[in-house]
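The structure appears right after this line, and notes come after that.
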Amino acid sequence: MMHPSRQARVDDEPMSGIALEDLPEDHDYHIPTNIAGASSEKASAILDQLNRKRLAATIAVPTDDGRVRAKLREMGEPITLFGEGPGDRRDRLRELMTIQVEQAGGEAADVTMEDAEEDEDEAEEEFYSRGGPALLEARINIAKYSLPRAKQRTAFQRLECKIPLRSQVKFRKHMKERLAAFELQGSQIVGERNISMTRMSPNSELVAVGNWGGQVKLLGVPNLDEKMTYRGHTNKISGISWFPGATLPESGVSSDAVNFASGGAEGLINLWSLNQDTPLATLQGHSQRVCRVEFHPSGRYLASASEDTSWRLWDVETSKELLLQEGHSRGVYAVSFNNDGSLIASAGLDSIGRIWDVRSGRTVMILDGHQDGHIKPIYALDWSADGHRVLTGSADGWIKCWDIRKVQRTGGFGAHSSAISDVRWFKGLDDPLDGMPLPLDDKGVQTPKKTGTFVVSAGFDHNVKVFSADDWSIIQTLSGHTGPVTSADYSRDGRWINRRPRPLGNRDRRRRRRRQGRHTPAAASAPSGSQTPLPGANQWSFSPDEVLSTPSVLDGLSPEEERLRRAKGVNFVYQAGVMLDLPQITLWVAGVFFHRFYMRCSMVQEKGGIHHYNIAATALFLANKVEENCRKTKDIIIAVAKVAQKNAKLIIDEQSKEYWRWRDSILTYEEVMLEQLTFDVMVDNPYRNLFELLGKLDIVHNKHLRQAAWAFCNDACLTALPLLVDARDVAVGAIFFASAHTNQQIDDVRGEPWWRYLRGDEARCATAVEVMRQFYTENPLRKQNPSLPSPAFHLEHTRRKGDAASGGAGSGTDPLLSPNNASTPWDRESHSPAARTNGDGSSGGADRRLADPPRSQPDGDTPRSTTVKRKEADAEALGDGGRSEKRPRMSEDEGEVEE
């Protein structure tokens, strides 16, 4: 290419033509037919093309590629062409739908966008339709049936609250052991086509099985032998439900009457007896496939869910439709009544669940939310026996629990790696709503019931899983099928679990059954006699036996190891609290939260427990909010991470993985902790009581006794003492310990010993001191220290009677010596050396002299005890060189931060 400088110079020619602003306006849009060789046919084709484009723009075409394919198949067109993408396929569908509208006469072309938006708004509005007298009578009957059952259920739940926690924990552990022992019992081929649904009879002796060929078969348990074959459907069986009380002799349901119902893909619902292979009645009304059927607990009504976006309520006696309920934008896949019979839950392919009040027809709750709801269709749901919780299982692999009392989701867990097809919450024979008596042990004491203790789910990942209903932890995975499992059920006696496979590529038509293994523990019964602690008025007051029977101990952790982990957890709280400069009261509240949590949950991670450091950090975070200390969440997370890494100089910020790991842990376990604490976050502390009691005794100015008592309260939280006694008893025990530790006596008040004047319980005071004496002697946080003999403590040695007060001398008895007056060595480093606050203590020379125990004199006499005068200043002043010393490290792995 030649450079412009070398090109020849050419004179510019003047521009010719017409400017844009000089163009005349032409308002004539008539297209000539005989100009420029344009024929009339070509002009007409151009006009038709323009009109077709305008019409195509007004037609609503699905954006989802799957729905586009389904629409093409419905129109009889190829669902895809060679080299065609989703966008091209959608354009082809739009063109075909445009041609279809033109052939129909162009009626749809008159619909404008404004009209479409108005119709959409009208469709989203909630509306009510007038029901007939039969529906009104049905609602009245349901109300009369459900209200007494709700009253009976709540009365039974109040009785359940009185069952000791120890009995509940033992029973739950026993149930987990039984469920973990389930093994494969049998397998059976049922029919020529794949099995689609299975449900066990109320007496656990029959199984109703439906297949893709429209057949329903009854199989016997446990041999799985075929009893009868029912023929009445022409397409796939989608739902089966047993009549309440069917096959139970005490219910009075005849085998010639309605015993179960089935729904098919052809849209029919058939009612069956046990003695006739043809349906007793057929319910017609659904225009598309019936996905699920469910009997009302009274047995008078039947609910059905269909892909025609509705669920319907039927009268079993008259076989007539009572209610057609709309409310879902896509097909309804599952329905379920609660035990009272007052509420019904529905869910479907629109990923939304709804709870309806059958007595009024109103929506009680919508199971949806930006973060709480499912993101894929819901295929299964079931109610709990308590009547206020419902589980939903979705194609996203998650099972979520919804509480109608809180009107929100209260739990959720990833149950399967693929879609969830069925969820069954166990309802056993011991449900009092079914007329069964309350479960009692040999001595007539009420025991926990099996109902509601576990959940069974089936998924497309070829597995059936059993979960605990307490913490949603998995108990066992039942595998063996080669295809997706789309139905599962249990026997009401808890012995059998049925599961139904759906194959992919191959035909797996076997009915499989799991049962409890032969070698299982005996049935659990509540301990009797002195081993059963009486429940106190306070739910957080425990006996020593209950403290030794925590969930961690029941999971195999030794009491010594659990005591060590408790001490480490509270010490973790203290270390982080020092870095955050939190008051000691907040640290006490956090420690109490920590101890109370592990009375409900286990710290054995192999058994589904939670590590004690995670709960310690969560307890500190919650206590900071409860006590309103205004520490930022970021600062708490950084302090916790530094304590966990045992490095105060560690750089922790929002860019580090450690920060986000602790943040997610704290926020996750906060909800769990609040649920386990039953939102009871009001905690009394011993420090307020301590100063109040010291003021009543007029010894609040005695610095050494006050510091020793304060240190006792600090160390008390390292043990299980807050679970055994209340805060005031801890304060009384602190004064007792401080008096013995500093070798000082307290004057009687009005002729009464000081502890009786304070209305202190001698037994609880002795329990507190004994627990702390064991802690100081064994010192679980210092493994390298050998156990030392502990001195004897006696309340009488801490009082100074009125006659001895006048002489200014003590009783002459050393409370720190053993009963035989032999001198006992006292290791100050491992036995509460001095008063500490938040882990640090002040110890000067005078403090050490007062804290050291007296030595035996050569002549065998013991020195006199130092007396305490009212409103007296400190016995000795601190030396000028006395400084605050850091508390020595109590263990190599306690996680103390080095400044």
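Each residue, glycine too, has its Cβ placed from N, Cα and C.
The domain 'Pre-mRNA processing factor 4 (PRP4)-like' annotation in TrEMBL covers 63-115.
Among the features that TrEMBL reports, repeat 'WD' is placed at 283-324 (among others). Counting residues of the repeat 'WD' (283-324) by DSSP class, helix then strand then coil, yields 0 helix, 24 strand, 18 coil.
Per TrEMBL, repeat 'WD' is recorded for 325-366 (among others). Within the chain, the repeat 'WD' (325-366) has long-range Cβ neighbours (under 8 A, six or more residues past its boundaries) at 126, 128, 131, 139, 142-143, 145-147, 149-150, 153, 288-289, 291-298, 303-313, 373-383, 385, 387, 390, 392, 394, 402, 404, 407, 427, 431, 433.
Here the repeat 'WD' (371-405) has a mean pLDDT of 88 out of 100. The repeat 'WD' feature in TrEMBL is assigned to 371-405 (among others).
As annotated by TrEMBL, region 'Disordered' applies to 483-541 (among others).
Taken from TrEMBL, the feature compositional bias 'Basic residues' covers 497-518.
According to TrEMBL, the feature compositional bias 'Polar residues' maps to 527-541.
According to TrEMBL, the feature domain 'Cyclin-like' maps to 571-675.
For 781-899 (among others), the entry in TrEMBL reads region 'Disordered'.
The compositional bias 'Basic and acidic residues' feature in TrEMBL is assigned to 882-892.
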**Message:** Quick test of the contact rule: Cβ under 8 Å, at least six residues beyond the ends. What residues does that give for the repeat 'WD' (283-324)?
**Reply:** 131-132, 134-135, 138, 141-142, 145, 149, 235-236, 238-245, 253, 258, 261-271, 330-337, 339-341, 344, 346, 348-349, 358, 361, 433
